[in-house]
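S.K.: Have a look at the structure that comes next, please.
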Amino acid sequence: MAILVDASSKVLIQGITGKQGTFHLKQMLAFGTDVVAGVAPGKGGGVHEGVPLYNTVYEACEHHGIDASVLFIPAAYCKDAALEAIEAGIKVIIIITEHIPVQDELIIVNRAKLKDAVIIGPNTFGMASWKCKLGILPNIAFSPGPVGVVARSGTLTYEIVGSLTNIGIGQTSVVGLGGDRVPGSTFVDMLKRFEADEATQVVVLVGEIGGNAEEEAAEYIKTMSKPVVAYLAGKSAPPGKRMGHAGAIIERGKGTYEGKVQALTTAGAQVATFPYEVVEKVQQLIRRS
C-alpha cells in the first residue's frame, strides 16, 4: 500500500512540453508512472513523448480519469494552472514551482481546502510511491518497502532514502512538503496518512529550522502507534539568516533547532544527529517489528 497515489494512479502533467517538463516526464515514465495526458495551451491534439496533449485541464479530464497532476509551470502563471486543476476535480496536485508569490500560494491552498484537494508544495521535489513518481526525485533512490518518509528538504531526503534503499529497506511513499512559507500540506497531514496505512511500519520525518511545523508534528506523534525517526537540518544556522528555503529561518527565538529536537524527543520520536543515524535507527526498528 501507499498514500495519496499508487501504481494505478493516472497522472497529468501541466507544462509538459517545457524543458523541465520534458526531462522529468521521461524520468517519470521510466519509473513506471502512468502519465496519461499533458496540458500545453495551443498544442492540443498533438503528442509529446508518446503522451497526448490537450489545451486545458478540463479537456484532459474529459478524456482520461485523472487522479493527480504535476505542475512544471512558471511562477507567474502557476496560480491559474493550479486553480484550473482544482476546479477540474483533480484531488492530488503537485506544485514543483518555486518563487510563487505568497498571495498566490494562499489563494491556491485555500481553494484546495474548499474542494477537498491535496496540494503538495509549492517548491517541492514531489512524491513517490511504488511505480508512481510525481516530480523530480531521482529514480534510483526509491524502492518499495515499509518506511514512510515526509520531508521539507529535498537533497537530504534523497540521501536518506537512497541509503535506506542501499541496505534493502524500501519505502511505502516519500512526500516532499516543499520549502515555502505557505505549504499546501503539513507534517501532521502526512503523518495521519502514514499512521492509517497498513503497509507503513516506520515513519521518517526530515525537518529543518524555522516555523513551527515540527513542533506541531510532535504533538501528533504523541498519539501515533508507529515509531518515528526524525532528522533536522540547520543545527549550525545563525538566527535571522534564511538557509535555502523561504521557511528555513529562525525569527525571534522561534523555530530553533534545539526547540524542535526537544519537542520531538519529548513526543517519543527518535531524533538523529546525522543523516546516517536515521538509517541505523530505522534498521533497528525494522528488525524489532
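Quick reminder: no glycine exception, Cβ is built from N, Cα and C everywhere.
Caution: TrEMBL annotation is automatic and unverified by curators.
Note that this is a predicted model, so its numbers are computed, not measured.
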S.K.: Name the residue, out of LYS43, LYS131, LYS133, LYS192, that TrEMBL lists for the same CoA site as THR17, GLY18, LYS19, GLN20, ILE96, THR97, GLU98, please.
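M.R.: TrEMBL names LYS43 for this CoA site.
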S.K.: Of LYS19, LYS43, which of the binding-site residues has the most Cβ neighbours inside 10 Å?
M.R.: LYS43
S.K.: So how many other Cβ atoms are close to GLY18 (CoA binding site), meaning within 10 Å of its Cβ?
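M.R.: GLY18 (CoA binding site): 16 neighbouring Cβ atoms within 10 Å.
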S.K.: Rounded to the nearest angstrom, how far is the Cα of TYR158 (substrate binding site) from the Cα of THR17 (CoA binding site)?
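M.R.: About 26 Å separate the Cα atoms of these two residues.
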S.K.: Just how many other Cβ atoms lie inside 10 Å of the Cβ on GLN20 (CoA binding site)?
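M.R.: Here the count is 15.
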S.K.: On the 0 to 100 pLDDT scale, where does the domain 'CoA-binding' (4-100) sit on average?
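M.R.: Over the domain 'CoA-binding' (4-100), the predicted model scores a mean pLDDT of 98.
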S.K.: Which residues in the same chain, at least 6 apart in sequence, have a Cβ under 8 Å from the Cβ of GLU98 (CoA binding site)?
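M.R.: Set apart from GLU98 (CoA binding site) by at least 6 residues yet with Cβ under 8 Å, we have ALA75, PRO122, ASN123, GLY179, ASP180.
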